[in-house]
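Colleague: Following this message is one structure expressed as structure tokens.
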Amino acid sequence: MGYVADTQKIGDKGGCFIGGMKSLVRRKQVDSANSKSSSRAGSSNQLAKALTIPHLITIGVGSTIGAGVYILVGTVAREHSGPALTISFLIAGIAAALSAFCYAELASRCPSAGSAYHYSYICVGEGVAWLIGWALVLEYTIGGSAVARGISPNLAMLFGDPDSLPIFLARHTIPGLNLTVDPCAAILVFVVTGLLCVGIKESTMVQGFVTSVNVCVMFFVIIAGGYLGFKSGWPGYELPVGYFPYGVDGMLAGASTVFFAFIGFDSVASTAEEVKNPQRDLPMGIGFALSICCSLYMLVSAVIVGLVPYFAMDPDTPISSAFARHGINWAAYIITIGACTSLCSTLMGSILPQPRILMAMARDGLLPSFFSDVNKRTQVPVKGTVATGLLSGTLAFFMNVEQLSGMVSVGTLLAFTMVAISVLILRYVPPDEVPLPSSFQEAIDSVSLRRSSDIDVESTKIPAVTADDSTPLLAEISVGRPLVEKAAAKLSYLVRQRRKVAGWTIMFTCIGICIVTSAASIVSLSNPARYALSGFGGLLLLSGLIVLTCIDQDDARHNFGHTGGFTCPFVPLLPIACILINVYLLINLGGATWVRVSIWLVIGACIYALYGRTHSSLRSAVYVPATHVDEIYETSAHSLAC
């Protein structure tokens, strides 16, 4: 009767999760063929399986390489890195790759829409997942609006001056309100929204064309700039101050700044449900996209800082002014075309993921079902895409969102951090209980009775100890064999304790990271307090790394989600390094940014408390051991067939 008792206990636990604070930690299962067929039978909210590796590379490169690179080069070289700007981009690329590795494993194991929200819901819990999803909504909304507001000035430069656009596209200031409206930005957002509603494959093809133009412009800068540098003897590198005028600290500060030029590749993970072969294509798409972006950034920066001494670079138009300094003024038009196409591509990359995140949240019941509807013909979440476009277009028309741009980074860094934590949870404490709809109660009871009967029949036999199913061990042990009972009990105890040790270690490691980064970032702290906090946090961090390195990873990780995909290397070192970098950047974003983000997160918490918690699809779920799910599905299917 051990299994019956366990099932009853688990069912009671599922009931308790419906209300109160326990709803914050309830977790959903990975979408599999069984769960999809059971929960969405007869539904039409399936996205089109249309994307391959070239499409994913297009989305990743197009979303990552924005017009910022045409400005970032000058600002960072003048203020931080000097000629070492190329190394700053390399270090930032390596730091971004840490998150990319984590994304690649989770995207291939859990290939559903929702990206970091989806992974957090599976590995951490509903409350954290809601906040991550809510922060990503903010990121993509403000990010898309900010990008759209930057397109009209660049378009105007193609026609000679900022006032050369037609009157229906040009910016206008409303008297008395000190409000500058931008019709061009709003129109571009609406055009991109309409394109995304046509279909994922069609919109990706257009984005591929626009991205190709931008990449060609960057190749022009690299090739033509390299030729000019070769002719002139690379004056930017012939400096008495050397390669590191601001020292290694300046170079690292530059790497922190340019890190945000790499934060578009997470858009690839948001399209996971639309990929034909996610286990193979998603990791390769993320990896190739990040490698291409890092290579282009490094080559462009190496050429430009070699053409002009870093202290003489124009912070607003560094590339155009560098060519003009060598007598090629017409290059400004080509570079402006590259800036316009990069902004258009980034705009598409900003609007594309948000409807899919809203759709994932609506599927889980945390948002109204309006957002989960998928058009039958285009197989795109048209309603969510239109709602996203209307909101972003309205903001782009009325508001100058540049002062809110820091909030975009918060959403991205929170997502990066939670994805790295999810990888640690997947490896050391993967969920051993999964939720099933209450409609499966009959199949659950049937499996419970069957296992109970098997226990009674086999009570005189020595059980086989397996690594993937240690839950019912104690119930299967013969009472008449005390030595076997003691050995099996000890093994089961150690298995349970290993999970507890790993779980607490992950938590204390994250606390140590927060303490270390806070002590390093808060300048108002006295030196003794800084050293004390740094020592305590460093001890927690180092101890956690040692413990996680020494203990075994959970064998259940091999069967978690979809198998055969990418495996993140150097666990736990790589995810912990990823968490450390992202938390440090989060803390250093500034108080004003955090005040604005906190207001947004409080609004989200209220919406969750009033709607999401009570409408969650898990509110009446029954939690069963993960090792018994397939048997329950088979029993349910057999009952329906009969």
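Glycine too: its Cβ is placed from the backbone N, Cα and C atoms.
Feature list, courtesy of TrEMBL:
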DOMAIN    566-616  domain 'Cationic amino acid transporter C-terminal'
TRANSMEM  50-73  transmembrane segment
TRANSMEM  85-104  transmembrane segment
TRANSMEM  116-137  transmembrane segment
TRANSMEM  179-200  transmembrane segment
TRANSMEM  212-230  transmembrane segment
TRANSMEM  250-272  transmembrane segment
TRANSMEM  284-310  transmembrane segment
TRANSMEM  407-429  transmembrane segment
TRANSMEM  501-525  transmembrane segment
TRANSMEM  531-551  transmembrane segment
TRANSMEM  563-587  transmembrane segment
TRANSMEM  593-611  transmembrane segment
Colleague: Taking contact to mean three or more C-beta pairs under 8 angstroms, with sequence separation of 6 or more, is the transmembrane segment (250-272) in contact with the transmembrane segment (501-525)?
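Modeller: These two stretches do not touch.
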Colleague: Given pairs 6 or more apart, does the transmembrane segment (116-137) have at least three Cβ pairs under 8 Å with the transmembrane segment (407-429)?
Modeller: yes
Colleague: Three or more CB pairs closer than 8 Å, sequence separation of 6 or more: does that hold for the transmembrane segment (284-310) against the transmembrane segment (212-230)?
Modeller: yes
Colleague: Within the domain 'Cationic amino acid transporter C-terminal' (566-616), what mean pLDDT does the predicted structure show?
Modeller: 92
Colleague: Looking only at the domain 'Cationic amino acid transporter C-terminal' (566-616), what are its DSSP counts of helix, strand and coil residues?
Modeller: 40 helix, 0 strand, 11 coil
Colleague: Out of 50-73, 85-104, 179-200, 531-551, what stretch is closest in contact terms to the transmembrane segment (407-429), meaning most Cβ pairs under 8 angstroms?
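Modeller: Of the candidates 50-73, 85-104, 179-200, 531-551, 85-104 scores highest.
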Colleague: Please give the sequence-distant neighbours of the transmembrane segment (179-200): residues at least 6 beyond its ends with Cβ less than 8 Å from one of its Cβ atoms.
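Modeller: Counting only partners 6 or more residues beyond its ends, the transmembrane segment (179-200) has Cβ contacts under 8 Å with 47-48, 50-51, 144-145, 148-149, 151-152, 155, 165, 168-173, 206, 271, 274, 344, 347-348, 351-352, 355, 375, 378-380, 382, 385-386, 388-390, 392-394, 396-398, 400.
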Colleague: Which listed stretch (85-104, 212-230, 501-525) has the most C-beta pairs under 8 A with the transmembrane segment (50-73)?
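Modeller: Going through each listed stretch, the top one turns out to be 212-230.
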Colleague: With Cβ-Cβ distances below 8 Å as the criterion, list the same-chain residues six or more beyond the ends of the transmembrane segment (212-230) that contact it, or say none.
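Modeller: Here the qualifying positions are 61-62, 65, 69, 236, 296, 299-300, 303-304, 306-307, 319, 322-323, 326, 328, 331, 334-335, 337-338, 341-342, 345.
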